[in-house]
Amino acid sequence: MPATEILNRADIVKAPQVRPQPQTEKPSLIGLLREDMAKLLVEKGVPERQVKMRVSQLWHWLYVRGVSDFDQMSNVSKDMREMLKEHFTVARPEIVEEQVSGDGTRKWLLRFPPRGAGRPVEIETVYIPEEGRGTLCISSQVGCTLTCSFCHTGTQKLVRNLTAEEILAQLLLARDRLGDFPERDTPQGAIVPAEGRKITNIVMMGMGEPLYNFDNVKTALLIASDGDGLSLSKRRITLSTSGIVPEIYRTGEEIGVMLAISLHAVNDELRDMLVPINKKYPLKELMEACRAYPGLSNARRITFEYVMLKDVNDSLQDAKELVKLLKGIPAKINLIPFNPWPGTNYQCSDWEQIEAFADFINQAGYASPIRTPRGRDILAACGQLKSESERMRKVDRLAFEAMMIANHGED
């Protein structure tokens, strides 16, 4: 199939021109817990007796109304707004590019300040609309340290952790762009849930390993689930980890969100190759941590993610060992057809084999949905994320277009 025909499968929408924010040392009020916001306000002269009220006002404007300009805070005095503008910011990150897949999936390339990285950094955030729900896939790091052999993000070296502000900014910006705040319009032709919120769920499944950035991820998710602000139910927030065992219990105890494990193999020999962190935290330790996860029940199951790699991990014997491995753990098993990317040596399992694998697991009593590939034409599918600052070589990109899907962006 000619590359031009493949390109027509996706509408690649350039983001509107957004002026980069000038370099500034102003701290952001986004991503601060209430007590930390209160301390900053007191330091800038807000009377103690007013602090609680001022924090409530700011919280409402930032997380209920979704404003990104202090001047929009109409019930805050002019003097207070001027003080806030002088000392703080609530600006959104720069949108470098917005791509819209033929299936309605949206991917944003966002640029953040260097903050120790030496130059501005870029990450990707993905929105996946489905009937009755809309899921936002959020990144926690710029790049990744884990080098999972089947994952495109793993080919990009870790640059730095994202701050709590930058993690939350992905959600705020997506809600801006989708018209998911009060008095905002949904883009014409956008595929979103017919009723209610445009973003109903968030998954920490973007770039990076969330549990290697525990404190910032914790703060961001506690704010996202705060009932007086963004108000996302913790049962609609899923954190995915490759298996950082010491932090798994803390995730349940201190954050309380749903847990997903990037499993992908049923024995240590294969998982050492696919997910190298397994050499440090082997399957026995990982399964023990899962069994001890706070709140684990049939109503709060752990999701195990399993990418289907042809002739690697997709045999019926693998399925039998998977059922044995998870025995006694309330679980759902997401089977993920492998999403190809330039330079990979893996292939996706045949569809008949994926269905046979799923049927065996289902008959053993586990829900085993096959994840429908979304956003492949804009490199937004599971395992395909990689920031534009790590652009693929032109020859790889052209080969990939000819092989399957649209390019990620012109050099």
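The backbone N, Cα and C atoms fix where each Cβ goes, and this holds for glycine too.
Here is what Swiss-Prot says about this protein:
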ACT_SITE  Glu124  active site, proton acceptor
DOMAIN    130-379  domain 'Radical SAM core'
DISULFID  Cys137-Cys382  disulfide bond
BINDING   Cys144, Cys148, Cys151  [4Fe-4S] cluster binding site
BINDING   Gly208, Glu209, Ser240, Ser262, Leu263, His264, Asn339  S-adenosyl-L-methionine binding site
ACT_SITE  Cys382  active site, S-methylcysteine intermediate
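Using a 10 Å Cα-Cα cut-off from Glu124 (active site, proton acceptor), the recorded positions that qualify among Cys137, Cys148, Gly208 are Cys137.
Here the CA atom of Cys137 (disulfide bond) lies 11 Å from the CA atom of Ser240 (S-adenosyl-L-methionine binding site). Only Cys151, of the recorded positions Cys137, Cys144, Cys148, Cys151, have a C-alpha within 10 angstroms of the C-alpha of Asn339 (S-adenosyl-L-methionine binding site). Taking the Cβ of Ser262 (S-adenosyl-L-methionine binding site) as reference, residues of its chain lying under 8 Å away and at least six apart in sequence are, in sequence order, Cys148, Ser240, Thr241, Ser242, Gly243, Val275, Glu305.
DSSP classifies Ser262 (S-adenosyl-L-methionine binding site) as strand under the three-state reduction. Looking at His264 (S-adenosyl-L-methionine binding site) and Cys151 ([4Fe-4S] cluster binding site), their Cα atoms lie 11 Å from each other. Gly208 (S-adenosyl-L-methionine binding site) sits 11 Å from Cys151 ([4Fe-4S] cluster binding site), taking the Cα positions as reference. Considering only the recorded positions Cys137, Glu209, Leu263, the residue whose Cα is spatially closest to the Cα of Cys144 ([4Fe-4S] cluster binding site) is Glu209. Summarised as a single figure, the pLDDT of the domain 'Radical SAM core' (130-379) averages 92.
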